[in-house]
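One structure is given here, and the rest of the page talks about it.
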Amino acid sequence: MERDNKSSDASMEFLLLGFSELLCLRALLFLIFLIVHLATLAGNVMIFMAVVMEPSRPPMLFFLCQLSVIELCYTLVIVPKALLSLAVADGSTISFIGCAAQMHLFVALGGAECFLLVAMSYDRYVAICQPLHYVAVMSEGLCLRLAVACCLGGFAVALVLTVAVFRLPFCQSHRINHFFCDVPAVLHLACTQSYARELPLLAACVLLLLLPFLLILTSYLCIATALLHVTSSVGRGKAFSTCISHLAITLLHYGCATFVYIRPKSSYSPARDKMVSLVYTNITPLLYPLIYSLRNKEIRGVLGKMLRRK
């Protein structure tokens, strides 16, 4: 699997080291990964089924349904290979095409989630700042167009980034010190020493992280300004409580993603990156359905209806 010459042909293989340095903890980590993965699948499937079974779906429930689908796909792209790397003592191999496909799907789904969080913040902005026009503005057609745009935008940026990364020459060791084909870990194997190799990642971070975050920040600044004119503290608290779940998920998503991707190459640390990615790809998808189940009145009502039917 190791070659002395520079190469990037589709027949090569990478070795995902995973947590091979923690041999004594592999069984425990495998069990924890599996339990968290099954709980994540169950939580997101439950929300998806509850929303699908609801005849009248307001925009926020529609976006929640799409978020659950993204999280389901997200975990299915990453976790099975991570479990395999824990089951095999020396890590698991992945083909050049398989690694590229995994990176593309991971970035695309993460990007779609970033854009979806923007759509959800716009929904909250219209609901609080333009309540009389909410039904007319957030129509079913607009929600559908926003959902499609989020997916297409994420997949387009991910495709450009993946092609740029896998056109780089890889030499000597093809051992990826990670449990999946993450962008910084694969870039670390590239032979070129030029900073130009990091430009596609920087551009993707601007499009998928910085720009959506600025749009979300703008929405909440407008919401905060509107709430300052609300005289009733009860009304202000009620309006703000509708944003708590979205704010919590936004901070979780952007906090982890910013730590992993927006930083200089000199600060790259495989061990630290793996731990942060472990939280980013396993814990946060589990927390999302819990946060919305506990904080969102609409989703609690839909889940209650589904359980009563059962």
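Numbers here mean position along the shown chain, with the first residue as 1.
Just so it is clear, glycine is given a Cβ too, placed from its N, Cα and C backbone atoms.
What TrEMBL says about a protein is an automatic prediction, not a curated fact.
Record features (TrEMBL):
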DOMAIN    43-292  domain 'G-protein coupled receptors family 1 profile'
TRANSMEM  27-53  transmembrane segment
TRANSMEM  60-83  transmembrane segment
TRANSMEM  103-122  transmembrane segment
TRANSMEM  142-166  transmembrane segment
TRANSMEM  201-228  transmembrane segment
TRANSMEM  240-263  transmembrane segment
TRANSMEM  275-294  transmembrane segment
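Between the transmembrane segment (103-122) and the transmembrane segment (275-294), fewer than three CB pairs separated by 6 or more residues in sequence fall under 8 Å, so the two stretches do not touch. Under 8 Å from some Cβ of the transmembrane segment (240-263) lie the Cβ atoms of residues 110, 113-114, 117, 120-121, 124, 127-128, 182-184, 201, 205, 209-210, 213, 216, 220, 223, 227, 273, 276-277, 279-280, 284, 287-288, 291-292, 295-296, all in the same chain and six or more residues away from its ends.
Same-chain residues lying 6 or more positions outside the transmembrane segment (142-166) and placing a CB less than 8 Å from one of its CB atoms are 8, 59, 62-63, 66, 96, 99-100, 103-116, 118-119, 122, 183, 186-187, 190, 200-201, 203-204, 207-208.
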